[in-house]
Amino acid sequence: MAAAANGSLADEKAPETIGVGRYVEMEQDGNSGSTAKSRLSGLLWHGGSAYDAWFSCASNQVAQVLLTLPYSFSQLGMLSGILFQLFYGLMGSWTAYLISILYVEYRTRKEREKADFRNHVIQWFEVLDGLLGRHWRNVGLAFNCTFLLFGSVIQLIACASNIYYINDRLDKRTWTYIFGACCATTVFIPSFHNYRIWSFLGLVMTTYTAWYLAIASILHGQVDGVKHSGPTKMVLYFTGATNILYTFGGHAVTVEVMHAMWRPQKFKAIYLMATLYVLTLTLPSAASVYWAFGDDLLTHSNALSLLPRTAFRDAAVVLMLVHQFITFGFACTPLYFVWEKLIGLHDCRSLCKRAAARLPVVVPIWFLAIVFPFFGPINSAVGSLLVSFTVYIIPALAHMITYRSAPARENAVEPPPRFVGRWTGTYMINAFVVAWVLVVGFGFGGWASMTNFIRQIDTFGLFTKCYQCPTTAQPGLAPPLPSAAPDASWPFPGVLSNFTMPAPAPSPAHFFRHPRHHSHGPALK
């Protein structure tokens, strides 16, 4: 099973220390058999190369959020949408690099103490525990598990949202029941080592969907009277920005992906390479759909809902459904590991026993997807409240504190490269990441995304049967904030000139008293 897949830094070769504080070679003997069956299994099932890690990172990063990025562009405007993608893509790659460095540091220290990880998958909270103590472990565990829980919820919501556009005979809540049962089968995938063929197929599927969105939007042309008025409200602007923060915050599973590699030290640049590829998908697709449909996207958080039904669109829907099943497994697998460790079954060699033990993890995910089916707004809420800390603030702070002393820096397994300014430059970049994400991502983003999320609840209610379905005659976006005061303009002249600040916050009663309903157009058949 996956026991060997999760092997130590050197299953066959004893690790050799190359000088004080230098990294131990991580390698696995690949001569495990020569039969046709074993070769086929190795080709499709047992992956641990740098290429497997690249496919895993790229496939997991883009996922269903590809369909909500045009919605974010309608909130941000074209220029801000492009700039935020580039900025957060670079920032996400940096913090993924920090996580990889901390993992290598932790694992090297433990293996010098003769620790054996052949039947144990190292996770992020254990890295924090080994380097910084139990309080950091507890904080990291809480944020990571909560983020991955809601990340799985989002994939389940996306499945129901997408399938509705090729079969609307069932409402989205019913589809959520069905896909919840389907996604529960991911309990049979032992570890990230076993996602080789799935990661490859997932990226192929996402690539098709991204270019379908771009090409179909260009061929469709701009709708009559199209408007590109964004950004107009602060609440919409920062909601869109946090959705992009969420987009490039998919590296909460970095440690598990690295642990599945035969030589994890090669991971350092893999996430950056994956991000660069993802940008070739997200930028053309989001920009093209926004160019074609403009402000109509404000009431259609799923870009597929605006494109006419064709065989190509149906193919995109089906491929995204399969990809979301894969991404559900990516988000859930670390939760399965945590649960196995909690109940003492993590080192069990029986796949059936581990699969049965994992099933309770799926139940709360299933339930939350039915309670909060707000495809689009929930991405921003998760991005601001959970992603901001899980994969940006905590890794940056952990790196700063781990290497705060001179001896720690001198004995570091992986010192920072020269082009970032060594330790001084790294410290400054980390401080900037913490300050920016804390203020803009968590602060402004949290306020905006939760305001929008609460309005979704006020407009549709919890357990809504069919969120954003045309037959509900209800808006896909909650009512906007009250009109801005005439003199409360955006404080940067000439930039985002039609961006206005909201009036002073009204009371909660007034805030929910006047819902505004938007037209959704004809139902998709």
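Here the Cβ of each residue, glycine as well, is placed from N, Cα and C on the backbone.
Pulled from TrEMBL, these are the features on record:
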- 46-437: domain 'Amino acid transporter transmembrane' (DOMAIN)
- 82-104: transmembrane segment (TRANSMEM)
- 141-163: transmembrane segment (TRANSMEM)
- 175-193: transmembrane segment (TRANSMEM)
- 200-223: transmembrane segment (TRANSMEM)
- 235-257: transmembrane segment (TRANSMEM)
- 269-293: transmembrane segment (TRANSMEM)
- 315-339: transmembrane segment (TRANSMEM)
- 359-378: transmembrane segment (TRANSMEM)
- 384-406: transmembrane segment (TRANSMEM)
- 427-448: transmembrane segment (TRANSMEM)
Folded-back contacts onto the transmembrane segment (384-406), same chain, C-beta under 8 angstroms, at least six residues removed: 91-92, 95-96, 98-99, 101-102, 105, 128, 131-132, 136, 139-140, 143-144, 146-147, 150, 242, 245-246, 249-252, 412, 423, 426-427, 430-431, 433-434, 437-438, 441-442, 445-446, 448-450
Contact set, same chain, for the transmembrane segment (269-293): CB under 8 Å, 6 or more residues outside the stretch: 50, 53-54, 57-58, 61-62, 66, 69-70, 72-74, 78, 81-82, 85-86, 89-90, 92-93, 96-97, 100, 206-207, 209-211, 213-215, 217-218, 220-223, 226, 228, 247-248, 251, 254, 300, 303, 306
Contact call for the transmembrane segment (200-223) against the transmembrane segment (315-339), three or more Cβ pairs under 8 Å: yes
Residue numbers, six or more beyond the limits of the transmembrane segment (175-193), whose CB comes under 8 Å of its CB atoms: 1-2, 5-6, 46-48, 56, 121, 152, 155-157, 159-160, 163-164, 253, 256-257, 259-260, 321, 325, 328-330, 332-333, 336-337, 351, 354-356, 358-359, 361-362, 365-366, 369-370, 373
Tertiary contacts of the transmembrane segment (82-104) (same chain, 6+ residues out, Cβ under 8 Å): 23, 57, 69, 76, 122, 124, 127, 131, 240-241, 244-245, 247-251, 254-255, 258-259, 264-265, 267-269, 271-272, 275-276, 278-279, 282-283, 286-287, 391-392, 395-396, 398-399, 402, 413-414, 429-430, 433, 436-437
For the transmembrane segment (359-378): best-contacting stretch of 141-163, 315-339, 427-448, by Cβ pairs under 8 Å: 141-163
